[in-house]
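Working notes, beginning with the structure itself.
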């Protein structure tokens, strides 16, 4: 027999290896480490693994480069330092002083689960702004995912081929090395995410419900298989016990938050009582009235004192009588939309084009109520309009026309209402120059239903919840608000000028709040793409006499402030670290979207952050937002003056003679919001030197020691993730804004890259 045929025969005898079996099992053509094909033979998501070589030793070509980091680089972390002479920080509590004490050691994870196992300790860190700390890039050991709840390793972890004798077995039962799927493709993320959705029929827009079972395409095939292993016939990965529709092991089960062994989590926030019961008081489910969002204490005797806020959808919930609700319906009955439309339909959320503004050619068309838009294209080419140089800006030509349109209608409506103030005959008459009543236009109740509750009070009016019966036309993809199995809900904010407010000032505020919110929440609707999931959807603007009505998406879990206060009162603790990290990432993503389109919020605080029961976060209240770059501007323009609520205001805002970047102000405010989530109280009341002793202490320690004792004493579920978070906090809280980290870079830090979020952002355009 020729030599080459003998070698071939010998190779055939050795072909009964598990490598061939694995190729048959997963229908992979080649075995080159992780498979590039799914279980059905179609290309699956790429498994990105960063392989590094230690050039110091060629013999360790495939050995991970490991840098050991001491368990505690700073001995002061072992024992909290107590600073004498400082005011009691508990005075900054969001809750009464007689509430349960706050836990300083962080929320426990599980009695039988090691906290060190919950977060992978791998990372490639960004530049550390603290010169006293070691900011070298470190890589940790890649530990297999074990059955006791350890999380998978990060995709950037330095790993080498596994030559152990049981590596194939570990792959089959799911305990082998599997890449951490944070920020993977959306399809890959969804396949790996085990979902515990809302009760049947409930839906929150922007939240993608993943399938029950994870994907099989993530199981890698190996070329270094063992010899002589018996193998079964070809089966699908779904038939393996690991990939059956068996939910993952829950390692942390709280009333409001669940954590699973693969690292994903589920929020189970309470729904308002007003949503659980209809106007007749018929309960739709068994939610408790003491759901943690109602009847917040208020007063001067150590109880909750909110920062000044225009509105809150859940903060001051009070039950209202049927008579109050009937009066509200009577007022809303005559409300007329101020938005010009090219088409009227009976169901507002079933057609996206319904809310696309139709901009008229001249102001005479606006005053006459004409909806003629045939010359829109010609108007866009008008030489009097500056050339658009920033197509990503949220405020462009159409928004400018809508601003002029609404401002004119609001001014005329208020002027006419003032003249008819004492005329009883004008009680149910729409003011001249405002929205023109049309017998073909559907009534308010047909579009948004009837009032079921009054859930908020503010300086300019009240916030109500309206609901109507859900029908087959209310398809989920087009709907921009909350619904259950029977009804669809809308938040309705009434805005009425105070006697001391000039008409021009009130008109500017309404127009600014509506235009910014509407343009951001509908930015991608023009192109038929998915909109930003963390921006509250603004739907319509209507008028009745001197009252203006803004219709918005309804978030039935209330605002973040109410959640923090209720949690502190009920269990005496702030949010779980992983829960707060998820909210932090969503908040950063939402503000990143705003900044990418030329808008800074300038008033970020828990009262302006709304929540859905599944944990989906929504940013609201754009009344004080700053448009720092329009479609006609190439460069960012700064601003001056104090904006926002005191505990969240950045230090540079207190200098009236100096301009500041509003984007960096938002970053500072986000840091305060996060610390409030994990500590249960503000860091300080005022970030101006000489006005607050706590801020003075922070400033002096940062200047002398490059650290702040409050940040040093914070604890997370894992020492490494705690270190990464601490680095990010120091980058956020830079008193000098020129040294402060941006939102984009903050999302690239190791802390945020390790944070698993409820919303898959990979395929959502920025």
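Counting starts with 1 at the first residue shown.
For all residues, glycine too, the Cβ spot is worked out from N, Cα and C.
The shown structure was predicted, so the numbers you read here are calculated from the model rather than taken from an experiment.
In Swiss-Prot this protein carries:
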REGION    1-165  region 'Disordered'
COMPBIAS  14-25  compositional bias 'Low complexity'
COMPBIAS  49-64  compositional bias 'Basic and acidic residues'
COMPBIAS  94-120  compositional bias 'Polar residues'
COMPBIAS  127-137  compositional bias 'Basic and acidic residues'
COMPBIAS  140-165  compositional bias 'Polar residues'
REGION    201-240  region 'Disordered'
COMPBIAS  214-223  compositional bias 'Polar residues'
REGION    277-297  region 'Disordered'
COMPBIAS  288-297  compositional bias 'Basic and acidic residues'
REGION    362-384  region 'Disordered'
REGION    417-437  region 'Disordered'
COMPBIAS  419-430  compositional bias 'Basic residues'
DOMAIN    449-752  domain 'Protein kinase'
BINDING   455, 456, 457, 458, 459, 460, 461, 462, 463, 493  ATP binding site
ACT_SITE  603  active site, proton acceptor
Surrounding CB atoms that lie within 10 Å of the CB of residue 461 (ATP binding site), all protein chains: 20
Conformational class of residue 603 (active site, proton acceptor) under the three-state DSSP mapping: coil
The one of 455, 463 whose CB sees the fewest other CB atoms within 10 Å, among these binding-site residues: 463
Between the residue listed as 'active site, proton acceptor' and residue 461 (ATP binding site): CA-CA distance (Å): 19
Residue, out of the recorded positions 457, 603, whose Cβ gathers the largest set of other Cβ atoms within 10 Å: 603
Cα distance (Å, whole number) from residue 603 (active site, proton acceptor) to residue 455 (ATP binding site): 21
